[in-house]
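Before any comments, here is the structure.
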Amino acid sequence: MESPDARNVVQLDAFKPRLSLSVANAKITHGGFDGPGYDNCSGYGSRVASLGSDALSAYETLDPPPHYDFYTKTEVFGRQRRFRPSLYQLHNDPKDSSPPIYEETNAEPIRGEDSSEEDEEEQKEPPSEPTRFGWIHGVMIRCMLNIWGVILYLRLPWITAQAGIGLTWVIILLSSCITGITGLSTSAIATNGKVKKGGTYFLISRSLGPELGGSIGLIFAFANAVAVAMHTVGFAETVTELMYEHGAVMVDRINDIRIIGIITVTCLLGISLAGMSWESKVPISPSTADIFATNFVPGWRGPDGSFFGMFSIFFPSATGILAGANISGDLKNPAVAIPKGTLMAIFWTTISYLIISATIGACVVRDASGLLNDTLLSNSNCGDISCQYGWDFTEPFRSKPCTFRFQSIGLVSAFAPLITAGIFGATLSSALACLVSAPKVFECLCKDKLYPFIGIFGKGYGKNEEPLRGYLLTYVIAACFILIAELNTIAPIISNFFLCSYALINFSCFHASITNSPGWRPSFKFYSKWLSLLGAVICVVLMFLLTWWAALIAFGVVFLLLGYTVYKKPEVNWGSSVQASSYNRALSQCAGLNHVEDHVKNYRPQCLVLTGPPSSRPALVDLISCLTKDLSLMICGNVVTASPKASSERHVTWLNKRKVRSFYRGVVAAELRTGANMLLQGAGLGRIKPNVLLMGFKTNFSSDTPQAAHDYISILHDAFDLRYGVCLLRMKEGLDVSQSPQSHGERRISAAKMNLLLFSFLLITEKKINTQSKFLFSFQRLKDTGTVHLVHLLLKRYTEQPQRSTGFQKAQGKKTIDVYWLSDDGGLTLLLPYLLSRRKRWARCKVRVFVGGDADTREEVIALIKKFRLGFHDVEVLPDVYQSPQPERCVLIAHPGVLIIERQQEEPWRITEQDLERNRAKSLRQIRLNEVLKDYSREAALIVITMPVGMKGACPNTLYLAWLDFLSRDLRPPVLLVRGNQENVLTFYCQ
């Protein structure tokens, strides 16, 4: 067997895209694709490998291998960002200049082949990089310093004396259990994507969404500000004790603490992070075991003597676990640093607290004055354990109030002054850590613009974007709480706020896990959604067990801020678990409806409204919105025929800004009827699908082509064939505002503005402008001068669709809704006015029902309406409805326009004389009804009338359209022609 000719072998290696997965080592070209021979192929910015051989064109490809740039949202200094080719660029022929049907979202922007010298000069120096911390210094040490704070030195000995060693361990382990579970949840959330500035607020808001994230962000920032006061008061309390020992008094104890606290927190604004150092020494003696056993059980003293009272005072010492997460924006690798540093800090500080409490409990008796003179035994009746070792701390000492002294740790330390230094270092460093954390959390919250009047505190200064205004706000809050000057009062307040924050963090992790969102992929796997839920429940329970009124205040603030955010609906989209949960619930409920049979009692008019672009027929949108809002389904359908491009985003934006609860569905079709049929059969999901078609009346049918009129009526027949109810809205001034003179004027104005905007936009995106002198403006210079922001605002403003007001947006006052129930269609003609009358805008309108017949007919209709419980009491009979119309109007039948000519088989819209004669009675009836409407409903707010049905094959479509025109012509009020599908939508049975 002969080997193939080497000249005929295709060398595919020559066409291999040369894209590296490494960002740092990739060779970057302006086109975004590496490799020799890549050039600009079409006007869409795509690149193809052009090696000069037509025979190899089958192997040319735009498909690049995976790359970091395709997924990142940020630019890398020194090179241009690559862009993944869109499906349109890959799928369509480059020679085809037609635009894509739907807007592209990831297409590569068009760039010039040559780079500007000005750009090269501006890119010579990289931007300054802020200081970043690793997991040890940035997270673990910061958390440990915050945990080893004021409570350790000033309250742990007192808590051990009150609760005993055993319950103190329980308090420590319970606190560590809560912080440990929260640390696991925080680690999971922090490793589920890139973490930026904002710390705890950023984690919760991007997980649970802005509603809960914003409220807890404010609470957490406030709690950190109050924590500054707690640590500062602890420092001031220590200094005051030292001053009293040496006889130095300024005013009194409380005011001295306030003065020292205010001076200290003021100095902290300019002090860097301080450290702490201490050692412990256990004095071994025979008394140790006995004292340990005695102090192991609780000995409650005073009003605060209870387990939960001690827990509320101790728990703030464990709240430093988020000190590292709060500076997430300053960490080198937050996804690694936060889990490792936080969990290590929790472990080591828990061990240290257990050892220190056991040491103090084994070496110091519960009732001791700290004075050497009290060691002389003078009371022979002493029965306390201290008496067994020559100490006398009996009744005279026990009658004194228990004070909070820090000498206990000094007594068991190797060098007591180190403890004093440790207190200073721990309190100041913890206060400073909280003073740094609170503004950074608040800065991120301010930049998200969720709440009004706080944006001024989000401005950053310097290369690290330090929120100086946030520091001042934190200082003011801390100073206010320092004036309380009571550590035992401040600590429980902080406990509730931090427990509330921890509950939300744990719930965030649980909620993100339970929604089964594909986007929830944390790299930290050592967590459990059920453990996170347990942690959230424990936090909430403890909040109410500690201080129920503070818990109510905390949750009240959360729900107040939650309600505000839900009401305002901020324009942010973070892919939160709340969004994923909403999808799950909606999908589950839709699937559940498949097991529910339809029942007339649950009938709702679910409307498919052929609006075209919704902004072009706002009156139609507003009226149907009144019928369906908070009640049933509304879909605005748009059949795109003139342009091969369909866009939904701007139409949905217009509906949202108009506060219309409606879906939008656009389809591309060759003609209106085909597209409408697609919507009729494909709109909806499961049982949540339209059952009523609504359209605007075709007022221009006499000037339009006969085929257009035929197709229009064919849509109604298609709807009837699919068992839809049909409604047509006609207004004297018309529905389509896109063709109004005002609209054309706005278009001319917008065109001039858009030319300027487009020019500016091309400059911003650095696209080449084909003029005689080719030039390229600098993006960096435009950005520095604020032009980018300005042009983006202008583009947003002038490309938005206008919000025109309509009569249906206003209160209708004391007018009438006139219902002409002339044929029984199942009750839809009555149901729609009833639903309108329940709306606030229409509530003052009186509903009048008109029927044809005699006096007996009126009583029958009244009885029937009463059984339907519609509340319509005004029923009038029209005995003259069957009379002939005025003679001069009968000419409309003889000469209805260009439509009346001989029928041809290939032109089904044509009307013959036989068609006119066969349908003469029905035609005269429509003319007569029009006269009745003018007589009875001249001042009505709305006319609702049963729409006649033209039989297919017997009544030409164009004649049927003429009937509808005769019926609704020249009426001042809006006319809604309604026809149900002849199935009951009303019932007077209870089952």
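Please read every residue number as a count from 1 along the shown chain.
The backbone N, Cα and C atoms fix where each Cβ goes, glycine too.
Given the structure is predicted, the values throughout are model-derived calculations rather than measurements.
What TrEMBL says about this protein:
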type	residues	note
DOMAIN	58-108	domain 'Amino acid permease N-terminal'
DOMAIN	138-281	domain 'Amino acid permease/ SLC12A'
DOMAIN	290-608	domain 'Amino acid permease/ SLC12A'
DOMAIN	617-749	domain 'SLC12A transporter C-terminal'
DOMAIN	799-990	domain 'SLC12A transporter C-terminal'
REGION	89-130	region 'Disordered'
TRANSMEM	133-154	transmembrane segment
TRANSMEM	166-192	transmembrane segment
TRANSMEM	212-236	transmembrane segment
TRANSMEM	257-278	transmembrane segment
TRANSMEM	307-329	transmembrane segment
TRANSMEM	341-362	transmembrane segment
TRANSMEM	414-438	transmembrane segment
TRANSMEM	468-487	transmembrane segment
TRANSMEM	493-514	transmembrane segment
TRANSMEM	526-543	transmembrane segment
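The transmembrane segment (307-329) shares more Cβ pairs under 8 Å with 166-192 than with any other stretch in the list 166-192, 212-236, 341-362, 414-438, 526-543. Only sequence-distant pairs (6 or more apart) were considered; of these, at least three Cβ pairs between the domain 'SLC12A transporter C-terminal' (799-990) and the domain 'Amino acid permease/ SLC12A' (290-608) are under 8 A, so the stretches are in contact. Model confidence over the domain 'Amino acid permease N-terminal' (58-108) is summarised by a mean pLDDT of 66. Distant neighbours of the transmembrane segment (493-514): 178-179, 181-182, 184-186, 188-189, 192, 200, 203-204, 207-208, 212, 216, 219-220, 222-223, 226-227, 230, 311-313, 315-316, 319, 322, 520, 527, 529-530, 532-533, 535-536, 539-540, 542-543, 546-547, 550-551, 553-555, 558, 577-578, 580-581; these residues of the same chain sit at least 6 beyond its ends, with a Cβ under 8 Å from one of its Cβ atoms. Only residues 6 or more beyond the boundaries of the transmembrane segment (133-154), in the same chain, are considered here, and those with a CB under 8 A from a CB of the stretch are 230-231, 233-235, 237-238, 273, 275-276, 313-314, 316-325, 327, 330-333, 336-338, 340-342, 344-346, 348-349, 352-353, 356, 404, 406, 409, 419, 422-423, 426-427, 429-430, 433-434, 487, 491. Same-chain residues lying 6 or more positions outside the transmembrane segment (212-236) and placing a CB less than 8 Å from one of its CB atoms are 149-151, 153-154, 198, 200-201, 204-206, 256-258, 260-261, 264-265, 268, 316, 319, 326, 423-424, 427-428, 430-431, 434-435, 437-439, 441-442, 444-445, 448, 450-451, 473-474, 477-482, 484-487, 490-491, 493-494, 497-498, 500-501, 504, 508, 554, 557-562, 565, 576, 578. Sorting each residue of the domain 'Amino acid permease/ SLC12A' (138-281) by its DSSP state yields 112 helix, 0 strand, 32 coil.
Within the chain carrying the transmembrane segment (166-192), a Cβ under 8 angstroms from the stretch's Cβ atoms is held by residues 156, 159-160, 200, 203-204, 207, 296-298, 307, 310-311, 314-315, 317-319, 321-322, 325, 328, 334-335, 338-339, 342-343, 346, 350, 353-354, 357-358, 361, 499, 502, 505-506, 508-510, 512, 519-524, 526-528, 531-532, 534-535, 538-539, 542, all 6 or more beyond its ends.
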